[in-house]
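Database features, via Swiss-Prot:
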- E127: active site, proton donor/acceptor (ACT_SITE)
- C86: substrate binding site (BINDING)
- H104, H106, H183: Zn(2+) binding site (BINDING)
Amino acid sequence: MSDIFPESHPEHPLNLIPELCRKFYDLGWATGTGGGISIKMGENYYIAPSGVQKERIMPNEIFVLNASQDVVEEPRTEKQLKISECTPLFFNAYRLRGAGACLHTHSANCVLISLLCDREFRISHIEMIKGIINNETKKALGFRDTLVVPIIENTDFEKDLTASMAECMVRYPESCAVLVRRHGMYVWSDTWQKAKGAVECIDYLMGLAIRMRTLGLEWEPKGAK
């Protein structure tokens, strides 16, 4: 069960989502109004608005939803904000994985990897793999384990990814992430801390894999110890 914080607490989703959006923007993961973040606390689901400058989101601009995906609290602002286009995809993670947070990035590394791979991104024998949790066993992957991130095809509208993402999550029960070709990536976990750690590790591994490819190095080295 997630901790319940007062609105004044820095880890309350109303404060945490804007902070994480700024960090994602600085990393190039949420530029041009792209990307999104959702965090669950108690019975409520907090979601950043759509089509706004992610580095400038304020606590009073967050939507609050219930488990039925109904908005129970509108942003406390006069701005005419629209709920994130990612909302039904975030709820895939909540409903199918019991996640506590789901993060969506438009990282260039994710897009490039989706172009280099067919149906999956696979990599092993890299230390940062240890920072990713097997979604089924809830245990961290080991150095010799293979990280597998499945890839789905992009659509014209974000909401139209909902069904294919859900089907992919069923086919890959161990994965905590789904790549969307030519688009970005969704990552989830039990807590926002674990989801943040996972997306950082996966993006690092993807960036490394791109460089390895230019050097002729294998992502899954045969006979490696």
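Backbone N, Cα and C atoms are what each Cβ position is placed from, and that goes for glycine too.
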Cβ-centroid neighbours of Zn(2+) site H104, H106, H183, 8 Å, sequence order
G34, G35, G36, T105, S107, C110, V180, G184, M185, Y186
May I ask for the distance between H104 (Zn(2+) binding site) and the residue listed as 'substrate binding site', taken between their Cα atoms and rounded to an integer number of Å?
8
Alpha-carbon distance [the residue listed as 'substrate binding site'; H106 (Zn(2+) binding site)] in Å
12
Rounded to an integer, what is the Cα-Cα distance in Å between C86 (substrate binding site) and H183 (Zn(2+) binding site)?
12
I want to verify one value. Collapsing DSSP to three states, which class is the residue listed as 'active site, proton donor/acceptor'?
helix
